[in-house]
Amino acid sequence: MDGPAEEIEEKTFWLLHALTHNIVPAYYISGMVDVQVDCLVFEELLRQKVPSVYKVLKEANVDCIVLATKWFICLFADVVPMETVLRIFDCLFYEGDKILFRACIALVKLHLDTIVKCHLFPDVVLTFRNICKDKQTLYCHEFLQAMFKLSGSLPRSRIQRLREKCRVKVMQTMDELNQREAEYRTQLELQRQKQNQVDHPEPDITPAEDNMIGEQQEEEAESEEIGTGDLSKTTCNSNGELAPAPSLVRSTVGLAVR
């Protein structure tokens, strides 16, 4: 971009806004559901277009969510060399998010011979990390040509159907995880309560002590009733002064006798 710094800053802001609100609007929200969905779409495209690599992943028990989450969430920034990142971004703003799948498939097909030699989980993960920084991705123009040539036909309607299919799987998995988390929290709370009972046991009260406590509470209630100053429970003596009603006097005498 050319021009004053403020103008460049404003253009950059609106490009970022278009990227996060129009091109990949649900990548950067809580849960990152669409990132997981697109990783599964990529896995399905591998099954259809590069079955040999798909077989390697299944035999090594590797999910594309493990391999490609950073590719999608970073839009290949900090994944491939910067020159190639800029070319991918050019296509991303022009063609939309479909270009991300083209880049993923091109990376795999360019390194097909290396990937099919992997058999173990660590080998697959390490290989997918290394293929992003070699000479195949360094030459951005050759890589850009490979993106469109090696990925073949990739209509948007096809991607949309795959996304709808994969979204169901992702939501089911998230529901299961949320249910497990709720059960785990319930178990922790029960364990905490049990431990609290062990650390702070309630004292045992005998029936006799329970009766004594009840009598004390009754006496306190009667004492409070006498001292409330309720005029309905008082009477006037011969001198015109207020005095406790006879019933209260009897109650007080009874308490004194007790």
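Just so you know, glycine gets a Cβ as well, placed from its N, Cα and C.
Annotated features, as they stand in TrEMBL:
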| type | residues | note |
| --- | --- | --- |
| COMPBIAS | 216-227 | compositional bias 'Acidic residues' |
| COMPBIAS | 231-240 | compositional bias 'Polar residues' |
| DOMAIN | 1-96 | domain 'Rab-GAP TBC' |
| REGION | 191-258 | region 'Disordered' |
Grab the pLDDT values for the domain 'Rab-GAP TBC' (1-96) and give me their mean, rounded. 90
Per DSSP, what is the helix/strand/coil residue tally across the domain 'Rab-GAP TBC' (1-96)? 69 helix, 0 strand, 27 coil
